[in-house]
Amino acid sequence: MRIEQLREHLRALGARPGHEQSVLRHWACALPQQRRSAREDVLPLALREALPALEAELQGLARLRSEHSAEDGSARLLVALADGQTVESVLLPRDGLCVSTQVGCAVGCVFCMTGQGGLLRQLGSAEIVAQVALARGHRAVKKVVFMGMGEPAHNLDNVLEAIELLGTAGGIGHKNLVFSTVGDERVFERLPQGAVKPALALSLHTTKPELRAQLLPRAPRIAPEDLVAHGERYARATGYPVQYQWTLIDGVNDGDDELDGIVRLLAGRYAVMNLIPYNTVDGLAFQRPAWERAVAMAGALHRRGVLTKLRRSAGQDVEGGCGQLRARALGGARWIKIEPVSGTGAHHVDQF
């Protein structure tokens, strides 16, 4: 379901714009539709009579199948959709929520569990917001990051529609809505045009174009320099820095040569580098580097003029890597290995 379809249904029941916003606010904020102030209790009769069935339908868009709490205060939610498919959401410490935008993913990042199964279907904008409503039934949600299963750029209309609602009726500050992408020209065209302009996170992972093409095999072929240039323009236009995501993988992208590349790209930019040690996935032949190495990299980048945050992967003890919980429920995994090609400085990907 798309939010626009929901709006059309409300209008057919006699809702005026204020009525629409009231119903959508109650839904997105997980407030019972039947509990309204006297001022709000002026909905048209047909709409009031339809509310119980409507509320049940909206709740059915995303239902909790299982919850797995972690020691760091995060909790991974396996969410069942109305058609029986499942996606993952993650309740993050400090009132954050990570939501999914697709069932599966077409980018095929070789270190990501979600990417191994390909794309099954898009989520409708209402299904995306429904994850927020479901989470708000558990705890407060003041920040939403679109970093769960799926590539938001590949479901752009639905994601932007969800962002518009969350940034208005949903009561979430625009900079606390974080659109995460591997990079796509359509994103850089569309985001500046929206009434709600989210913060932007770009999945960089390496400064080497050839290695990035292997790690993210079906991502658009945008050179790291061009990706950063796009990000810088958006950051200056919105007034909040771009977050660059870097999944630290032992022996793959944690070398001193990558440090030099990051400094070349990001020193002096309106940017934050997020170093995220790899969240180990059963069946994938990647490992996180030693914590001491991650700390050393963050410190070196700070000293060389790149604002850097070293993040512990949320939910490491509850299968916190993207797609792990769903894969565990479905069963199956595929081994992937990246090895240096002797004498070339490049890397070779083996899948078996």
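Using N, Cα and C of the backbone, Cβ positions are placed for all residues, glycine too.
Taking all protein chains in view, 28 other C-beta atoms sit within 10 angstroms of the C-beta of Glu88 (active site, proton acceptor). Residues or ranges marked as active site, proton acceptor in Swiss-Prot: Glu88.
Taken from Swiss-Prot, the feature active site, S-methylcysteine intermediate applies to Cys322.
Feature annotation from Swiss-Prot assigns [4Fe-4S] cluster binding site to Cys105, Cys109, Cys112; the stated evidence is similarity to another entry. In this structure, Cys112 ([4Fe-4S] cluster binding site) belongs to neither helix nor strand by DSSP; it is coil.
All chains included, 31 other C-beta atoms sit within 10 angstroms of the C-beta of Gly150 (S-adenosyl-L-methionine binding site). What Swiss-Prot lists as S-adenosyl-L-methionine binding site is Gly150, Glu151, Ser180, Ser203, Leu204, His205, Asn279, and the listing cites similarity to another entry.
The annotation disulfide bond is assigned in Swiss-Prot to Cys98-Cys322.
As annotated by Swiss-Prot, domain 'Radical SAM core' applies to 91-317, with the evidence given as sequence analysis.
Cβ neighbours of Ser203 (S-adenosyl-L-methionine binding site) (same chain, under 8 Å, six or more residues apart in sequence): Ser180, Thr181, Val182, Gly183, Leu216, Gln245. For the recorded positions Glu88, Cys98, Gly150, Glu151, Leu204, His205, a Cα-Cα cutoff of 10 angstroms around Cys112 ([4Fe-4S] cluster binding site) retains nothing.
Under 8 Å, Cβ to Cβ, and six or more positions away along its own chain, Leu204 (S-adenosyl-L-methionine binding site) finds Arg212, Pro224, Leu227, Tyr244, Gln245, Trp246. The least crowded of the binding-site residues Cys105, Cys112, judged by other CB atoms within 10 A of its own CB, is Cys112. Counting only residues at least six positions away in the same chain, the Cβ atoms of Thr101, Gln102, Cys105, Ala106, Val107, Thr181, Val182 sit under 8 Å from the Cβ of Glu151 (S-adenosyl-L-methionine binding site). If you take the Cα of Cys98 (disulfide bond) and the Cα of Glu88 (active site, proton acceptor), they are about 8 angstrom apart, rounded to a whole number.
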